[in-house]
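Q: Structure in structure tokens, see below.
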Amino acid sequence: MTCKIIGCGGYLPSKIVSNDELAKFVDTNDAWIRTRTGITQRHIAGDTEYTSHLALESAEKAIADAGISVNDIDLIITCTTTPDNSFPSVASKLQGYLGLTNIPSFDLQAVCAGFVYGLQVANSLISSGKYKTILLIGAEKMTSLLDWNDRTTCVLFGDGAGSVILQRSRDDSGLIDSNIFSSGADYEILYTNGGVSMNGISGKIVMQGQKLFRHAIEKMQQSIKDLLHANQFSVSDIDYFIPHQANIRIINKLAELLNIEEHKVVKTVEKHANCSAASIPLALSTLKASGKIKKGDILLFSAIGAGLTWGSAFIRW
């Protein structure tokens, strides 16, 4: 028994900040950002627009796309590292917004790898037979964690949310396989310099960019190779590669090393920037809206995030 995606939806805040606009208050310029990241703009949530609001917008689109009633949902998992509050969870608040009662809801925190982690967790819960319809969300207000004086990090991130509706598959479609990993010894490569039990503040993002690039290439590539080998797949079997949208150089290098053809690689980082756990479901929603995905297509997701956390998943559409 495995789960399948029956609907998806994405949401980006209406405010768009281009590289040129960013350069007005940050020591940077459009050429510097484009060359190093491939990003031209990012969406930024308003002061009173929280992660739960972004999650709600994407969830409603996914529910409509799936053609189900909101009351069909029997579990909510929100993957986020930027909750509205220390507690309760974003998932709990979202449950209230949707008018649902007496169903479980919880947040999952694996940063940029959150959606892949969440997919494996959701699949296990559906496979148990205990849950029939799961709302899985990646939602982030990453700009709330940015130091706008640090041009090495503030240019990279944006806000947004992506949701999928998961149900048990009754044919050969759905999650084929996935793997997830972590390495706590490497946490100082990417972290926030604050936290509730540390100093009572959320802190700002601190990143060792060159080290993170090397780890991303090494770990995502190995994760994908392991999945290919375990399922007796070849790279040519992949119809679409949807990697975490962190940086165009990481995406391009991975595709090159794995020999994945350019037209199969989904890239949204240019317009979305890095939306952390939301980046893969947002990219999936963009691809689905294009009408390109066909039944039976093999989709490959792969991500790496702070922790370090990483993993990959194969889906048959």
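From the backbone N, Cα and C atoms, a Cβ is placed for every residue, glycine too.
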Q: When you get a sec, could you say which of 65-69, 120-124, 220-224, 245-249 is annotated region 'ACP-binding' by Swiss-Prot?
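A: Among 65-69, 120-124, 220-224, 245-249, the range Swiss-Prot annotates as region 'ACP-binding' is 245-249.
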Q: According to DSSP, does Cys112 (active site) fall in a helix, a strand, or coil?
A: helix
Q: Around Cys112 (active site), how many other C-beta atoms are within 10 angstroms of its C-beta?
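A: I get 31 for this one.
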Q: Determine, to the nearest whole angstrom, how far the Cα atom of Cys112 (active site) is from the Cα atom of His244 (active site).
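A: Computed Cα spacing between Cys112 (active site) and His244 (active site) is 7 Å.
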Q: How many other Cβ atoms are found within 10 Å of the Cβ atom of His244 (active site), counting all protein chains shown?
A: 30
Q: What's the CA to CA span in angstrom from Asn274 (active site) over to His244 (active site)?
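A: Their Cα atoms are separated by 8 Å.
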Q: Counting across all protein chains present, how many other Cβ atoms fall within 10 Å of the Cβ of Asn274 (active site)?
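A: If we count other Cβ atoms within 10 Å of Asn274 (active site), we arrive at 23.
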